[in-house]
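The next block holds one structure in the form of structure tokens; read it before the comments.
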Amino acid sequence: MGPPGAGKGTQAKYIAEHFGIPAISTGDIFRANVSDGTPLGVEAKRYMDAGEYVPDEVTNRMVRNRIDEPDAAEGFLLDGYPRTLAQVEELDGMIKFTGHQLDAVLSLVVDKDEVVSRLLQRAQIEGRADDTEDVIRRRQEVYLDQTEPLIQVYKERSLLVEVDGLGEVEEVTKRIFDALDVVPES
Ligand code: ADP
């Protein structure tokens, strides 16, 4: 977890690689559907371009299908999901059904101004449609309103692992591995 621009996607790849599990990014799946022009992509694009969340039932169905894939049988890392309280409940139901359990909820703690400037920089490099200044602001608001409360929920479940997300990518990865008590291979 972490606000837009916290570096979730970047760190997710390293963690998933370490554990030999897929990193499942809802944002990436949505973007792939948008570029393929699928019905899901057409629907999701309207919300994404405005910085709003895609409706829960659409997102939930997509995650449910994804974690049913064979490569996720032994475990998976979710990046960008759950993002609403309804998604938390839905995820609980899904993994109860598949027989998985949550080992940890990792929260990348970052400074708000710093992440906005990261996102503006990324906008120039990657040209993501939702990386314009107005949309970035809206995404931050939506995060604070709908997703930040989830941190408390997972704290109460004793699953929350908070890591300082500021600094070099490798430095943050090291903090994550330390916090998760894993020894990186390289
Ligand atoms: P960010 O950099 O904002 O974390 P992501 O790539 O994770 O971006 O997500 C991009 C967009 O995809 C979000 O702004 C939202 O519209 C949509 N999205 C991703 N995950 C979810 C989710 N769990 N629920 C609803 N919408 C989502």
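A Cβ is built for glycine as well, from the same backbone N, Cα and C atoms used for every other residue.
Among the ranges 25-54, 85-114, 115-144, the stretch that TrEMBL annotates as region 'NMP' is 25-54. The ATP site recorded in TrEMBL comprises Gly5, Ala6, Gly7, Lys8, Gly9, Thr10, Arg122 together with one of Gly20, Gly167, namely Gly167.
When secondary structure is read from DSSP and collapsed to three states, Thr26 (AMP binding site) falls in the helix class. Fewest other C-beta atoms within 10 angstroms, among the binding-site residues Ala6, Val54, are seen around Val54. In the structure shown, the C-beta of Lys8 has more C-beta neighbours within 10 angstroms than that of any other entry among the binding-site residues Lys8, Arg83, Arg128.
If you take the CA of Arg122 (ATP binding site) and look 10 A around it, the binding-site residues you hit from Val54, Tyr81, Arg128 are Arg128.
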